[in-house]
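> TrEMBL feature annotations, pasted as is:
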TRANSMEM  114-140  transmembrane segment
TRANSMEM  152-172  transmembrane segment
TRANSMEM  178-197  transmembrane segment
TRANSMEM  242-260  transmembrane segment
TRANSMEM  320-339  transmembrane segment
TRANSMEM  351-375  transmembrane segment
TRANSMEM  387-409  transmembrane segment
TRANSMEM  421-440  transmembrane segment
Amino acid sequence: MNPPLWGSDEFAHFGRAYAIDHGQIVPREMPDPNGTNFGGEIPTTVNALREYAAEAVATLPEPPEPRVADPGAYAELAAQPLQAPHIEMGFVNTSSYSPIAYLPSVLGLRAAELVGASVGAALATMRLCTLIASTSLVWLGLRALSEHRFKWAVLVVALLPMTVFQASMITADAVTNALALLFSCLFAKAAFLRARLSTWESWTLCATAVALPLAKPTYVILALLLAITPAAQLSLRTPVKYLATVVGAAAFLAWTAVSAKTSAGMHLMRPGVHVSQDDQLQLVLADPIRFVGVLVNTFVQLEPDIVTGMFGTLGNTAVPIPATAVAMCLVAAVVAVGFSEPACADRPRLLVTSAGLVLSVAAIFGALYLEWTAVGHFTIDGVQGRYFLPLAVLALAVYAQLVPLRWQAAPPRSSAVPEKVVVVMVTTALALAALKYWYVLWG
């Protein structure tokens, strides 16, 4: 359904995956007449497809014409061989990502290279491998909650149109979202549902706490919640969870030290705009009251787009899903949380988890303000709703405890109705989103 390289920053993510596949693990600085840049080599055939896709997105036909003006051109370019001479290309916005989040894409790319696949086949294989990996991680989380009704709330998050779209593209966000969801399922089971984790669940919780900060450093605060997981609910020795927390934090610090230099090139993503971490930080410190106004303006001006983006703003052309689909997702979430079992985290863990969520949101806004927003601008630029998907499951767990919306003592038969409501709502929302996206792109 999605044309090649029409996913969110999909070319940049392909470039990073291709670099990793060819042994370029750490960010590589490359010469650029406009300043510091980071990137690597990609096949000229992929670059030709990128150039065409970028031009097509920049010159979209006027509605009601389909946004994909010439499907035949994509088919012709996608049929070119992947094995081709290389060209230097910058992808500074993804160069800072560690290889963890790209492992499925790299495996798909390597398989395509081994069989001499075309560009289109390689991209499709990478997307498929990413989807399989993400779905597998989500399935593990749902399996861990198979005896708990809270799994329906998790299912709503997992099947949001934005979550599904990201999972089926070449992007680090797919694995990041899945890792965060898996970690949240296991942490919520132990801390909020007071259920004992099996041996494999306990070790998986520790493993995801190590991998998540490497997949996307912004979510390191989420992974640190491993330290407050009730020891009585883990099927391993208590020191192991602390060791995993330390290893995850150390890995985060080590990779941050390696990748921090890429921030110097982020201005290339915003030509004609002055972007500087140092200048922005000095402005905040010099006038904190003004920064509060920036936060207020961001909420007032951008809140509708951010909220819509969490449910689904699809592709490089930012096609919003139907408002009906958003409403159905909200109904499904309310019903799912409403008939889940009461959450019963103790007060300290509830407070720490809530604080962790707030700090994670602050980290997202802070990173975008320093690295992406023009110095002195009145809003924080680049805030997209999909960035908050990894926090959604734990946010629902906290909500389930703080807001007593509950159908109490529901026997299995009485729970069938809300379960059906959830399934019908999320599947219908997905179908509506897919139909609209297909119609807008292809007509």
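Backbone N, Cα and C atoms are what each Cβ position is placed from, and that goes for glycine too.
Please treat TrEMBL annotations as automatic predictions, because they have not gone through curation.
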> Going along the chain, which residues at least six beyond the ends of the transmembrane segment (351-375) come within the CB cut-off of under 8 Å?
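For the transmembrane segment (351-375), the sequence-distant neighbours (Cβ-Cβ under 8 Å, at least 6 residues beyond its ends) are 191, 218-219, 221-222, 224-225, 228, 263, 266, 269-270, 273-277, 279-281, 283-284, 294-295, 298, 345, 381-383, 387-388, 391, 394-395, 397-398.
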> If you count Cβ pairs under 8 Å, which stretch among 114-140, 152-172, 178-197 touches the transmembrane segment (421-440) the most?
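Per the Cβ count, the answer is 152-172.
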> Mind checking which residues of the chain, 6+ beyond the ends of the transmembrane segment (114-140), have their Cβ under 8 Å from one of its Cβ atoms?
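Long-range Cβ neighbours of the transmembrane segment (114-140): 4-5, 14, 17, 43, 45-46, 49, 75, 77-83, 103-105, 107-108, 158, 167-171, 174-175, 177-179, 181-182, 185, 204.
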> Residues sitting near the transmembrane segment (242-260): Cβ under 8 Å, six or more positions beyond its termini, same chain?
26-27, 95-98, 206-207, 209-214, 217, 220, 223-224, 226-227
> Residue list, the transmembrane segment (320-339) vs rest of chain: Cβ under 8 Å, 6 or more residues beyond ends.
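149, 152-153, 155-157, 160-162, 308, 311-314, 396, 399-400, 403, 405-407, 410, 415, 418, 421-422, 425-426, 428-430, 432-433, 436-437.
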